[in-house]
Every structure is written in structure tokens, then in C-alpha cells.
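Peer 1: Got a structure for you, written out below as C-alpha cells; questions coming shortly.
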Ligand SMILES: *[C@@H]1O[C@H](CO)[C@@H](O)[C@H](O)[C@H]1NC(C)=O
Ligand SMILES: *[C@@H]1O[C@H](CO)[C@@H](O)[C@H](O)[C@H]1NC(C)=O
Ligand SMILES: *[C@@H]1O[C@H](CO)[C@@H](O)[C@H](O)[C@H]1NC(C)=O
Ligand SMILES: *[C@@H]1O[C@H](CO)[C@@H](O)[C@H](O)[C@H]1NC(C)=O
Ligand SMILES: *[C@@H]1O[C@H](CO)[C@@H](O)[C@H](O)[C@H]1NC(C)=O
Ligand SMILES: *[C@@H]1O[C@H](CO)[C@@H](O)[C@H](O)[C@H]1NC(C)=O
Ligand SMILES: *[C@@H]1O[C@H](CO)[C@@H](O)[C@H](O)[C@H]1NC(C)=O
Ligand SMILES: [Zn+2]
């Protein structure tokens with residue numbers, strides 16, 4: 001699933017005025033800042049981003065019966081399901097819409113039991129001719145115990161069937177049920193989405209199963225490791241189109257309960273998890289193309305397709321799909337790839353295998369009205385979802401506690417896929433603003449949590465939902481980018497490819513990936529100070545990240561858990577005492593040096609000692625490392641000087657970093673606020689998007705703080721002065737604001 005990230009607004013042009021002396025303004029600002037701050041001793045994330053909560057909530061101990069447990073017993077394993085569903089797009093009474101269905105699941109008994117637990121939530125089960133709500137038969141007409149009692153356990157979302165005898169180990173059974181559910185407008189399970197077209201209200205039946213709502217559409221063993229094959233059939237009104245994960249085999253007209261309806265039968269799916277299923281009935285139109293035998297279709301409301309709003313998505317899907325086939329060294333395993341825009345949709349998009357659902361704004365591009373940042377979010381989100389077709393769908397994490405690996409991985413490689421579709425954009429750089437800096441704000445709080453959770457702590461649907469946060473997505477993406485960088489992309493993809501080969505159509509835990517990366521490292525010349533597992537554990541099993549402090553006079557390099565609020569107390573214990581194994585890429589006076597590692601709390605790295613007055617050190621090149629950097633005063637001054645006199649000597653991402661690190665170090669009271677504000681002095685020479693965006697993100701806080709204070713006027717004058725050259729630059733490259741510049745970042 002992809003979050004609803006919004007790419008930040010364009011750099012604002014503040015106005016044209018002549019500023020006052022920069023330094024005195026900066027000093028006045030920092031004085032008032034510290035006054036305001038002591039009045040108002042409260043720290044908030046810089047990004048206005050989400051805050052995180054600890055996913056572990058305590059529960060009273062439930063009774064011991066299996067139907068009070070949120071996890072299924074390990075007694076039954078499904079092989080395949082045959083499901084028929086009939087959504088009614090007209091209400092049966094005011095605002096009450098339903099679907100009906102029947103389902104048979106073939107499962108194997110792997111451990112003797114007299115109890116069947118299968119997930120079922122908010123479904124009304126029909127009493128069958130024998131007076132029971134389910135029918136159990138054995139494959140090969142073996143004898144079968146009968147159902148003694150049955151009920152719905154609503155809290156744990158089970159259909160419970162107690163039998164009067166044991167199911168036999170190794171024997172296969174069929175369980176048949178009929179049911180009715182509400183097609184509610186609740187965005188979960190099988191639900192309805194409503195929109196207006198030419199003044200007429202239209203209803204779509206669609207699905208969102210992740211994480212635990214497949215059980216709201218039909219009874220199923222609704223855990224990601226219980227993969228099975230699905231034969232899906234949909235009944236739907238004449239004039240509508242039905243879609244599912246598999247390709248349509250045939251559509252016929254049948255008479256059902258006195259009504260003429262269409263019956264669409266779909267090809268059997270691959271072996272897959274329930275949370276990746278999708279069923280959609282609409283009167284949508286589509287456009288299509290074929291790439292190496294895989295049909296690509298984009299579905300949307302008829303007027304949107306007619307206006308060409310699906311064209312951009314269709315244009316880029318083929319190249320991105322090809323890119324991932326090569327990246328993963330694995331062919332796309334399905335005959336088709338459908339993507340569909342849904343008017344009412346909760347997440348940004350959902351990676352249902354073969355039928356990806358999107359919010360309309362995340363798939364449809366209107367060349368007259370959409371901005372370039374809309375276009376970028378379409379390219380990255382399509383890449384994110386297509387990346388999941390392998391990483392997540394073909395190979396699936398065994399349980400939700402490892403969600404961060406699934407989402408973090410897709411959130412990292414979405415930039416690689418989008419870069420393939422739009423190679424001129426430099427979109428890969430933007431992960432630093434959109435993910436690394438964004439999640440720094442959250443992960444620097446004492447209330448953050450580690451990427452990895454214990455399987456036993458994540459059992460209830462609400463606990464699973466809480467994992468879909470900035471830590472899983474953005475920190476996951478940031479540490480995987482760091483890993484890929486220190487392994488080299490070649491070794492990273494080699495390990496990834498053998499991981500996907502070994503576990504195709506199966507399930508894993510995150511250490512399985514580490515093992516395959518280690519195998520690739522072992523077979524290569526890459527030299528690591530420790531195993532992949534030991535290095536990554538320090539980033540995965542403890543919350544937060546370090547600030548690395550480099551003293552260029554002595555060469556002493558040290559690390560400390562970075563906390564935005566220095567007075568906050570960290571109560572959560574860490575297996576590594578809040579120390580990390582830190583890869584350091586760095587440069588000296590504009591020249592890239594051999595990468596190194598910080599392996600202890602502090603260490604002397606002689607190369608980082610500078611002897612000449614003109615020499616400076618800059619660490620964490622391109623912010624590939626998940627940490628902040630601080631220096632001795634003398635080196636800070638040399639960096640500020642380098643920014644002012646020749647900012648081109650410092651890579652653009654690091655210019656954005658120096659600003660962001662300085663402001664955050666100041667908020668954490670590690671460096672004076674004056675020093676942070678001084679990173680804005682050079683901005684009058686800066687014409688690039690990323691450093692400005694980084695400065696604006698941080699100055700927003702000052703704007704809020706100084707509104708109605710005596711320094712507000714001087715601050716505005718100062719910033720107006722800084723922004724004038726930028727304004728003039730853009731005036732020039734846009735021919736006096738008459739044409740759109742070509743560069744993506746310029747736009
Ligand atoms: C499900 O449908 C498939 C295809 O029609 C059929 O081969 C299979 O026997 C069915 N399974 C059950 C349990 O009815
Ligand atoms: C399920 O049964 C309950 C109780 O009879 C009823 O209130 C509800 O409307 C039913 N739901 C559907 C979808 O038929
Ligand atoms: C698009 O779909 C139509 C109808 O299914 C099909 O005839 C046509 O070959 C498809 N075009 C491409 C380029 O795949
Ligand atoms: C899609 O590709 C075609 C052919 O290259 C091109 O003419 C068209 O402008 C593209 N559409 C969009 C929205 O990018
Ligand atoms: C995987 O890599 C091998 C060796 O480079 C190549 O021959 C093969 O075509 C690749 N397969 C896919 C699906 O990319
Ligand atoms: C990698 O090499 C090390 C040292 O030879 C060895 O201990 C380890 O088992 C190897 N790991 C894998 C996954 O092959
Ligand atoms: C922009 O406008 C100024 C005066 O308003 C004019 O001198 C200059 O030539 C114009 N530049 C372009 C590129 O049109
Ligand atoms: Zn995702």
C-alpha cells in the first residue's frame with residue numbers, strides 16, 4: 001500500500017525588497033527564538049508530519065479457547081478457494097447496499113483437530129438445507145465428522161465450527177458457505193464508491209483487503225502466510241465490467257433469481273495471500289497496450305479515459321515493469337497488469353496482484369491541469385506498486401510485524417522505477433527530502449519505535465494498522481538505501497535476485513533477505529566491518545538514529561542518539577545501547593575520500609584530521625547514511641564559508657543537508673541557533689530546489705514562532721533579500737514568466 005504523500009509546494013517567492021544587514025537580523029532572530037522557546041518548551045516534528053505511537057498496546061488476558069486467540073491455530077492449510085460474489089449496485093433499501101456470495105475452500109488438515117476456525121467478519125451466513133451454516137465434506141468421499149455447533153466470534157472475527165469427531169491429518173476437506181454482506185461506503189473489504197457523472201449518481205463495487213478485510217468479503221484463512229489459489233466468479237449488472245486479479249476467461253448472460261445478469265469467470269490466480277485479492281464492478285472504460293505478451297490496462301471513469309487522463313500511466317507502466325523484471329531478474333508472472341482509479345479510496349494505492357487500485361489523483365494525469373509534482377507522484381506511486389508485484393506479492397513476509405521491510409523496500413525502489421520512466425528528473429535525489437528528512441522528524445522523538453516488532457506484539461487488526469506509519473515507509477526506505485549503497489547496487493540486487501528465486505510464491509522473515517545479501521557479499525570483493533545482519537540490526541532493532549560528531553582538529557569521531565528535545569527521556573531499552581554501526585561517505589575540501597565506518601561510541605579517524613586552514617570535512621555524502629552530522633566550530637565556519645564563496649564545491653543534496661542538520665541540531669540545543677540561521681546566508685546564490693525546500697521547511701517554524709514578535713519585520717526583510725536573486729533567475733529562464741522551464745526541479 002502507498003501512503004498519501006504529497007510532494008511539497010513549490011518554493012514560494014516572497015517579494016522584492018532591499019534587506020537589512022543579514023548578520024544583525026540573524027542574531028536578533030536567534031535571541032528572540034531562545035526567549036520564545038523557553039516560554040514555550042515544546043518540540044514538534046519539523047515537517048508537520050505524523051507522529052508515531054508505540055504499537056504495543058496491552059490487553060487483558062483472554063480465555064484460553066482458540067476462538068479467543070487472534071492468530072489461527074496451525075491445524076488447517078488452504079489449497080484453493082472457489083468464490084462467487086454478486087454485488088448489487090442498487091440499494092435494497094435507503095442507503096443500504098448488499099452483496100451475496102458463496103465460497104468453497106479446499107484445505108488440508110495438517111494436525112488432527114475437531115475445530116475449524118476460519119475468518120469471517122460482518123457477514124451473515126445463510127442456513128443451508130441441512131440446517132447448518134456451513135457444509136463440510138471430505139475429498140475422495142472419505143468420512144467426515146459433522147458440525148456439532150457453530151457461531152460467529154465477532155471480537156476475533158471467526159466463524160467457529162465445532163465438530164463431533166476429528167479431522168484426519170493429511171486428509172483434504174471442502175467447506176462450503178453462503179453469505180450476505182453489506183456493500184457499505186466504509187473503504188474496507190468489499191465496499192462501494194459513489195460518484196457523479198453528468199449529474200447521474202454512479203456506484204462502483206470495489207475492494208481494499210489489506211490488512212485484514214478479505215474476511216469481510218468471504219470466509220477465508222486471512223493471514224499472509226496462508227497462500228492459496230483463487231478461482232473467482234463475479235455476477236454483475238448488464239452494461240458493467242467486472243475485474244479481478246486473474247484475467248477474464250468468459251462473460252455470459254445468465255438468469256439469476258429472475259434477473260438477467262452477467263457472469264464473468266476469471267482465470268485461476270497464482271498462489272497468493274488473501275490481502276492481495278481484488279474484485280471490482282463498474283461501468284468504467286479502459287485503454288490498453290501490450291509489452292512482451294503482458295497486457296497493460298488502465299481503467300477509469302469514462303470521461304477521464306476519453307479526456308486522455310490515463311495516457312500518462314499507460315505510457316510509463318510498460319517501461320517500469322520492464323525495469324523491475326531486469327532489476328529482480330524475474331519475469332512478471334501474470335498475463336496482465338490492470339490499474340484502476342477509484343473515486344473513494346483510503347490509501348494512496350494498493351498493490352493487489354494484477355489489479356492495482358489507486359486514488360484518482362495518483363493514477364490520472366490531466367496535461368492541462370495537473371502539475372509536474374502531480375506527475376511525479378503518479379510516476380513514483382506506480383513504480384511503488386509495481387515493485388510490490390515481486391517484493392510483497394511473489395515473495396511475502398510471513399507476518400505483519402515485518403511490514404516495514406515490504407513497505408520500506410517499495411518506498412526505496414519506487415525512486416529507481418520512476419527514474420527509469422523519467423530519467424531527466426533526478427527524482428532519486430528527492431528521497432532525501434520526502435523520506436529521510438521527513439522521518440528524521442519523527443524518529444528523533446523519545447516516543448519513536450524500532451522498525452522491527454515482535455510477532456507476538458502484533459496480533460489484533462488495530463495493531464497491524466498502526467504499523468502503516470512513517471517509520472515503516474520512510475525509515476524503512478532510508479535504511480535500505482543506505483544498505484544498498486554500502487553493499488554497492490550490484491551486490492544488493494544480486495542478493496535480492498537470489499532471495500526472490502528461493503522464496504517465489506512463498507513467505508519469509510526479514511533475516512532471509514539479510515542471508516541472501518550476505519551470500520552475495522561473501523561471493524564478492526566487498527569488504528564489510530561486520531556481517532550484514534550485525535550491521536543492520538543496529539538500525540532495525542532500536543529506534544532513532546545517531547548524530548555523528550566530527551572533530552577535525554583531533555580526528556575524533558563520536559556518535560550519540562539524536563533527540564530533538566534534549567530534555568526528553570528515553571525509557572525504551574535498546575539491545576545496542578543506542579549505538580550504531582555507521583557507514584561514512586565523506587569528502588575533504590571538495591574531494592571525495594575513501595568511505596569509512598564508525599564502529600564504536602567514539603573513535604579517532606586520522607584521515608579526518610585537517611591541518612591546513614583551508615581544509616574542511618563534509619560527511620554523509622548525498623545523505624545516503626541515516627544520521628545527522630555535527631562538526632567542531634572551526635569546520636562549521638569553513639563549511640559556511642565554502643557555501644558562501646563556492647557552493648558548487650558541495651553537492652546539492654549536502655547543501656540541503658547542511659541547512660536541515662544545522663536547524664535540527666540547534667533545536668536539539670547542540671549548536672547555537674545563530675549557526676543554523678547562518679546556513680541561510682548563502683541562499684542568495686542558491687538556484688536549486690532542494691536546498692531552498694530544506695530551508696523553507698525549517699524556516700516555517702520560525703515564521704510560526706515570530707509571527708507578531710518584534711523581529712518579524714526584520715526577518716521578512718532579510719528573507720526577501722535572500723530570495724531576490726532566485727526570483728531574477730527564474731524570471732530570466734521563464735522569459736519574464738511567459739514560458740514553463742523545462743527542468744523538473746525548476747518547475
Ligand atoms: C474449483 O473450481 C475449479 C475450476 O472450475 C475446479 O477444478 C475445482 O474442482 C473447484 N474446487 C472445488 C472445491 O469445488
Ligand atoms: C445481517 O443480519 C442483521 C441481523 O438480522 C441485519 O441487521 C443486517 O442488516 C444483516 N446484514 C445484511 C448485509 O444483510
Ligand atoms: C486492446 O484491447 C483490445 C480489446 O481487448 C484488443 O483487441 C487489442 O489487441 C488490445 N491492444 C493492445 C495494444 O494490446
Ligand atoms: C504518451 O506517449 C505518447 C507517445 O510517445 C505521447 O505522444 C504522449 O504525449 C504521451 N502522453 C503523456 C500524457 O505523457
Ligand atoms: C536473468 O539473468 C540472466 C543472466 O544475466 C539472463 O540471461 C536472464 O534473461 C535474466 N532473466 C530475466 C527474467 O531478466
Ligand atoms: C559468509 O562468510 C562467512 C565467513 O566465511 C561465513 O561465516 C558465513 O556463514 C557466510 N555466510 C553466508 C550466508 O554464506
Ligand atoms: C523581460 O522584461 C524586461 C523589461 O520588463 C525586458 O527588458 C527584457 O528584455 C524581457 N526579457 C525577456 C526574455 O523577454
Ligand atoms: Zn506499499
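Don't overthink the numbers, they just go from 1 along the chain as shown.
From the backbone N, Cα and C atoms, a Cβ is placed for every residue, glycine too.
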Peer 1: For the region 'Disordered' entry in TrEMBL, name the matching range from 39-64, 65-90.
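Peer 2: Feature region 'Disordered' in TrEMBL: residues 39-64.
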Peer 1: Of the ranges 12-33, 100-121, which one does TrEMBL list as transmembrane segment?
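Peer 2: Within the set 12-33, 100-121, TrEMBL attaches transmembrane segment to 12-33.
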Peer 1: Restricting to the domain 'Aminopeptidase N-like N-terminal' (77-276), report the mean pLDDT as a whole number.
Peer 2: 97
